[in-house]
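The annotation Fe cation binding site is assigned in Swiss-Prot to Cys92, His134, His138 on the grounds of sequence analysis. The active site feature in Swiss-Prot is assigned to Glu135.
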Amino acid sequence: MSILQMLYYPDQRLRKIARSVSIISHDTKKIISDMFETMYFQQGIGLAATQVDIHQKIIVIDLNNNIQKRLVFINPCIIKKIGTITHIIEGCLSIPKIRASVPRSQNIIVQSLDENGNNFEMEATDLLSVCIQHEIDHLLGKLFIDYLSPFKIQRIHKKINKWSTVYKNHIKLSH
């Protein structure tokens, strides 16, 4: 297993639409394993292949850092949104230090393949529902900030520019 290189906003590769996985091979399983390792290293609860510059429809989720409850979704598709819209504060490994309230369906039914190629459907609620929707958005080239107002996006850009300037200056000083 290895830790994969993350893509960070505003990298345009995050906007690339992922392609479906046609064959689940040994390479696919290695990607999944590496994605979990990367997600744990980054202290996340979900990761889409797009975030590590692999443009295949694969997401991994582990809400509780529990190897027995790890979830893999290959070619996931939300087939039904149920109930009310919820607003949960979201963050993203590809947009560090930024959090925002995003409208999401509280309950969904998702259809997918597992890591062995078996088709399954599951109902997801609350945080799991939000996480699946967030990660599927990545596969579609969308980011959670796309749901925000232009004013909020402008504020986020200012923060990112400030942090990248501080980071670049820190790198120069430490060399």
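Note: Cβ is positioned from N, Cα and C throughout, glycine not excepted.
Note: the Fe cation site is recorded as Cys92, His134, His138; in the same chain, Gly46, Ala48, Gln51, Glu90, Leu93, Ser94, Glu135, Asp137, Leu143, Phe144 also have Cβ atoms within 8 Å of that site's Cβ centroid. The binding-site residues in question are His134, His138, and the one with the fewest Cβ neighbours inside 10 Å is His134. Reduced to three states, the DSSP call for Cys92 (Fe cation binding site) is strand. Cys92 (Fe cation binding site): 23 other CB atoms within 10 A of its CB, across all protein chains.
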